[in-house]
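Student: Before I ask anything, let me first share the structure, which is written out below as structure tokens.
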Amino acid sequence: MKATSLPLVVTMGDPAGIGPDITIDLWRRRAQLDLPPFAVLGSPTLLAERAKLLNAEIAVSEIDQVSDVLSQAEALPVLPLENQVLAKPGKPDRNNAEAILEAIRRAVDLTMSGKAAAIVTNPIAKAILYDAGFGFPGHTEYLAELAKQHTDEAHMPVMMLAGPDLNVVPVTIHIPLRKVPEQLTTDLIVETGLTTSCDLESRFGISKPRIAVAGLNPHAGESGSFGSEDLAIIAPAIAEMRAQGVNAFGPLPADTMFHAEARRDYDAALCMYHDQALIPAKALAFNDTVNTTLGLPFIRTSPDHGTAFDIAGSGKAHSGSLLAAMKLAARMAAHQRKQRHVGD
Ligand SMILES: NC(=O)c1ccc[n+]([C@@H]2O[C@H](COP(=O)([O-])OP(=O)(O)OC[C@H]3O[C@@H](n4cnc5c(N)ncnc54)[C@H](O)[C@@H]3O)[C@@H](O)[C@H]2O)c1
Ligand SMILES: N[C@H](C(=O)O)[C@H](O)COP(=O)(O)O
């Protein structure tokens with residue numbers, strides 16, 4: 001494994017999903033994959049059982065602190081959770097909710113206290129957590145709340161799906177489609193665009209990132225004939241972003257902005273709702289795209305897929321997106337370290 005100054009922390013995700021499977025698969029192939037060092041926040045027993053089920057000949061070791069990762073390379077290093085984890089693959093259980101959330105909380109604590117370089121989250125099933133009283137739509141919004149608890153400042157989290165040939169940002173995220181027009185405001189688009197531009201520069205090293213802004217309606221509204229939001233809400237947001245120094249342009253008709261030639265013109269596409277952004281990203285590169293949260297005081301990445309309960313424990317889960325998430329987290333952490341050195 002590649003030496004970086006601090007390891008990553010990888011959360012267990014829903015233990016009944018494919019998080020354990022893909023984590024085990026990457027560990028099994030760690031030498032050939034040149035993985036950054038990492039510790040899993042999860043259940044050593046569950047991971048050992050899942051490895052056995054998958055016929056993966058790996059050892060699992062319980063560690064006390066993240067730094068123990070650096071001195072042992074033989075067994076998958078796991079920081080055990082205080083909450084109990086009992087899970088059968090493919091059978092989500094709300095009794096695991098506390099453990100799932102504990103892993104996320106502790107990952108933030110470890111990263112904010114400087115013991116880990118970045119957080120990589122395995123997928124969670126949101127409905128299970130809602131049943132158990134979880135009050136946030138997903139990781140993205142929960143991580144912003146945890147960041148606030150650490151810093152006493154509000155943070156607006158921005159979801160970006162980063163793929164080999166396409167970065168997309170949904171301005172509205174986990175809301176019903178019918179609520180998109182009412183929640184889409186010029187201010188929200190501007191704030192999302194500013195964070196995207198700033199973090200593409202500071203975390204990805206892209207100088208003066210080009211931000212293509214999608215329209216909401218067919219043909220970006222066809223001059224107002226197919227809807228008013230493109231002219232009344234999105235165009236003023238682009239003007240404001242440009243006034244604040246962001247290299248933004250649009251609104252573009254969403255159906256023609258994702259083909260290969262169009263993608264060469266921008267570094268990220270700012271999209272108006274979840275599926276407008278995530279469909280092209282996942283269609284182009286499902287196994288290589290990473291979900292990352294911008295706008296927070298720590299680095300977080302995640303695979304672009306969900307818990308895939310239908311294939312958990314079967315050996316069919318592709319681990320490419322988790323691999324890409326780990327590598328991107330390590331790359332962003334290294335970039336941040338380099339920038340801090342320059343600033344010293
Ligand atoms: N980062 C996250 O925590 C995250 C991301 C997306 C969805 N989810 C959650 O996951 C749950 C299930 O969501 P879904 O069914 O819409 O999406 P999903 O990504 O879990 O599954 C969609 C389909 O893709 C397949 N698939 C997914 N990942 C795969 C992989 N790595 N290898 C091979 N096949 C794979 C699944 O078997 C399934 O057929 C939901 O509760 C959702 O909220 C979580
Ligand atoms: N919207 C994401 C997707 O569909 O891939 C997913 O739900 C993950 O969201 P969080 O990272 O907020 O859990």
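Glycine residues also receive a Cβ, built from the backbone N, Cα and C atoms like all the rest.
For His139, Thr140, Lys282, Asn291, Arg300, the entry in TrEMBL reads substrate binding site. Annotated divalent metal cation binding site per TrEMBL: His174, His219, His274, in sequence order.
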Student: Let me make sure I understand the span of the substrate site: among His139, Thr140, Lys282, Asn291, Arg300, what is the greatest distance between any two Cα atoms, in Å?
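Tutor: Largest pairwise Cα separation, rounded: 19 Å.
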Student: Taking the Cβ of His219 (divalent metal cation binding site) as reference, which residues of that chain separated by at least 6 in sequence fall under 8 Å from it?
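Tutor: Residues satisfying the criterion: Phe226, Pro253.
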Student: Using the alpha carbons only, what distance in Å do you get between Thr140 (substrate binding site) and His174 (divalent metal cation binding site) once rounded?
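Tutor: Checking the Cα atoms of Thr140 (substrate binding site) and His174 (divalent metal cation binding site) gives a distance of 10 Å.
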Student: Based on Cα distances to His174 (divalent metal cation binding site), point out the closest of the binding-site residues His139, Lys282, Asn291, Arg300.
Tutor: His139
Student: Mind running the binding-site residues His139, Thr140, His219, Lys282, Asn291, Arg300 against ligand 2 and keeping the ones whose CB falls under 6 Å of it?
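Tutor: Those binding-site residues that pass the cut-off, since their Cβ is under 6 Å from ligand 2, are His139, Thr140, Asn291.
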Student: Measuring Cα to Cα, how many Å separate Asn291 (substrate binding site) from His274 (divalent metal cation binding site)?
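Tutor: Answer for this pair: 12 Å between alpha carbons.
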Student: Looking only at His139, His174, His274, Lys282, which of these binding-site residues has the biggest number of Cβ atoms within 10 Å around its Cβ?
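Tutor: In terms of Cβ crowding, the pick is His139.
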Student: Tell me the Cβ neighbour count for Asn291 (substrate binding site), meaning other Cβ atoms within 10 Å of its Cβ, over all protein chains shown.
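Tutor: For Asn291 (substrate binding site), the count of other Cβ atoms within 10 Å is 24.
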